[in-house]
Amino acid sequence: MAKAKFERTKPHVNIGTIGHVDHGKTTLTAAITKVLHDKFPDLNESRAFDQIDNAPEERQRGITINISHVEYQTDKRHYAHVDAPGHADYIKNMITGAAQMDGAILVVAATDGPMPQTREHVLLARQVGVPYILVALNKSDAVDDEELIELVEMEVRELLAAQDFDEEAPVVRVSALKALEGDPKWVKSVEELMEAVDASIPDPVRETDKPFLMPVEDVFTITGRGTVVTGRVERGVINVNEEVEIVGIRPETTKTTVTGVEMFRKLLDQGQAGDNVGLLLRGIKREDVERGQVVVKPGTTTPHTEFEGQVYILSKDEGGRHTPFFNNYRPQFYFRTTDVTGVVTLPEGTEMVMPGDNTDISVKLIQPVAMDEGLRFAIREGGRTVGAGRVTKIIK
């Protein structure tokens with residue numbers, strides 16, 4: 001296989017198909033892989049519909065999600081594409097972040113127009129911070145009436161605008177089924193769709209370009225050298241002799257300097273996103289720092305105790321609660337590396353939340369946690385995961 005050597009030369013982008021069930025998300029995913037395989041045979045494998053539809057189960061933060069990953073390349077980019085076939089799977093994926101998306105293809109059947117799930121998916125995409133959506137008007141071969149298809153296009157644009165997405169986003173008329181059958185007109189439509197994806201979904205900001213952050217997993221003392229904190233660098237880069245702050249869990253933030261970076265017992269000049277490293281910290285005692293805090297570039301992250309979040313609560317079958325919960329529910333919220341107890345306030349008019357529901361909640365934590373909007377967490381009771389969510393708004 002001539003696959004490996006292309007990997008690093010192109011920008012890598014994560015995308016996914018979203019939209020109402022039966023509008024053809026999975027068929028379109030299969031059509032994209034086939035069309036790109038035929039166009040760039042040395043870069044791509046073709047994937048049949050049933051290979052994608054029989055999505056393997058994944059566990060993310062204790063929640064089982066059926067999700068398919070395929071990869072393919074255009075001449076400009078390398079794509080990782082996720083397709084969550086079921087509606088519930090899609091919702092769970094979006095909230096738990098099993099697959100982050102840099103952009104999404106909203107699939108709308110030209111024969112139906114936007115449906116309730118179409119709206120729900122676009123709303124969720126907005127809430128979880130998907131940066132860009134463009135549209136594939138699928139089954140366009142089945143609509144002869146030009147006015148009808150223009151009406152559907154207008155409706156979809158209004159839907160995007162209502163959630164602050166680009167109203168002028170490309171809307172490409174496709175037929176996934178006809179493209180899979182090799183009909184030249186519709187093969188070309190899928191090629192045009194991918195050209196639009198290349199052109200309209202912005203290049204993602206690489207993790208290494210973001211400000212440095214490392215969650216503390218462990219702390220120990222090296223005699224004669226000082227205190228070392230270990231963890232996996234979440235984002236950014238850390239160089240020896242750079243100043244950092246230790247944030248969260250405790251009321252005050254501590255400033256210090258990184259005097260050494262090691263990985264696999266070797267000293268490095270630098271640690272970067274994805275590395276598991278130990279950081280030697282100047283003038284810090286073993287008891288000054290603990291698991292659950294984060295080491296960050298000064299001034300980039302602040303600790304908070306009150307936030308609003310969007311959560312998915314596991315059903316009984318998924319190993320979740322057997323009973324609903326009410327206002328003032330007090331579980332633990334697992335952020336990055338540690339549990340912090342919090343009190344839940346339900347939205348006005350919501351009396352209780354049932355297992356299997358997704359809902360918005362307000363939370364007041366008993367200790368501050370370093371957080372930004374978009375940070376994901378698990379909800380646990382005595383170490384057992386009962387839900388997952390993400391921070392949508394910081395209150396205090």
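Including glycine, each Cβ sits where the backbone N, Cα and C put it.
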Seminar exercise, completed: Per Swiss-Prot, the region 'G4' among 58-61, 74-77, 138-141, 254-257 spans residues 138-141
For this session: From the ranges 83-86, 167-170, 203-206, grab the one Swiss-Prot calls region 'G3'.
Result: 83-86
Problem set entry | The annotated region 'G1' range in Swiss-Prot, which must be one of 19-26, 299-306, 315-322 | 19-26
For this session: Match it up for me: which of 12-16, 62-66, 217-221, 392-396 does Swiss-Prot list as region 'G2'?
Result: 62-66
For this session: Among the binding-site residues G19, S140, point out the residue whose Cβ has the most other Cβ atoms within 10 Å, with all shown protein chains included in the count.
Result: G19
Problem set entry | Positions on the same chain near the region 'G1' (19-26), where near means CB under 8 A and six or more residues out | 49, 52-53, 68, 83, 85-87, 106-109, 112, 114-118, 121, 138-139, 176-177
Problem set entry | Where G19 (GTP binding site) falls in three-state DSSP terms | coil
Problem set entry | Inter-residue Cα distance where the pair is T26 (Mg(2+) binding site) and S140 (GTP binding site), in Å | 16
Exercise. Taking the Cα atoms as reference points, how far is T26 (Mg(2+) binding site) from A84 (GTP binding site) in Å?
Worked result: 8
